[in-house]
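Engineer: What TrEMBL shows for this protein is this:
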REGION    1-23  region 'Disordered'
DOMAIN    48-219  domain 'MENTAL'
TRANSMEM  55-76  transmembrane segment
TRANSMEM  96-116  transmembrane segment
TRANSMEM  123-145  transmembrane segment
TRANSMEM  151-171  transmembrane segment
REGION    204-234  region 'Disordered'
Amino acid sequence: MNRVPADAENAHTSSLESCPSLRDVHSINPTQLMARIESYEGREKKGISDVRRTFCLFVTFDLLFITLLWIIELNVKGGIETTLEKEVLHYDYSSSYFDIFLLAVFRFKVLILAYAMCRLRHWWAIAFTTAVTSAFLLAKVIISQLFSQGAFGYVLPIISFILAWIETWFLDFKVLPQEAEEENRFLIAQDASERAALLHPGVLSDGQFYSPPESVAGSDEDSEEKQDSEKPIV
């Protein structure tokens with residue numbers, strides 16, 4: 001005799017457990033969702049994310065740091081003017097550091113153009129600059145005579161190589177994944193706000209409510225007595 005109520009109770013509990021998403025959607029606060037969406041839209045209006053801006057600053061640091069080391073190297077060799085004329089006007093692949101400076105300028109232009117101006121969301125640009133930098137530096141270290149020119153023969157190629165690979169690591173493991181995660185969160189919050197708008201259509205205004213005028217107490221009884229009095233007496 002108790003099987004039917006037990007089965008009905010189990011079916012009712014299973015139906016409630018099968019709809020957790022509806023309870024979750026009902027528990028959404030539309031105000032919090034709209035605030036989160038507005039914050040994401042504010043980031044989009046900036047044009048560039050914070051982590052991408054940090055990457056662009058690091059690329060700029062790469063160029064400035066290599067330039068600083070090259071200027072120090074020019075001073076160490078006997079003056080900027082004479083050494084600059086020797087390394088630029090009378091360029092020699094085996095002994096000049098001018099090509100390492102041009103390599104830093106090349107990385108800066110390509111990466112800023114791709115990831116700051118064009119806002120590229122792919123790794124091909126950084127892969128191209130890192131591959132060119134690595135191949136050029138390896139060839140220069142093997143063929144040239146930089147190691148016989150003192151400490152700068154070691155410092156400039158090694159630092160240029162390390163900075164190029166740090167830029168690759170930072171873009172591939174920080175910039176692109178974080179921007180993709182923020183975009184997914186924005187889409188989820190936008191979808192949840194649309195569901196919340198359908199489930200919570202908003203507060204109705206006072207003019208949308210209508211209440212019929214209240215009837216006077218005892219009016220029904222008076223009308224019945226009036227109808228009885230108006231009936232003809234047989």
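Cβ coordinates are placed from backbone N, Cα and C, and glycine is handled just like the others.
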Engineer: Counting only residues 6 or more past its boundaries, what in the same chain has a CB within less than 8 Å of a CB in the transmembrane segment (96-116)?
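Structural biologist: Same-chain contacts beyond the flanks: 48, 52, 55-56, 59-60, 62-63, 66-67, 70, 73, 86-88, 125-126, 128-129, 132-133, 136-137, 140, 146, 152, 156-157, 160, 164, 167, 171, 175.
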Engineer: The domain 'MENTAL' (48-219): mean pLDDT?
Structural biologist: 85
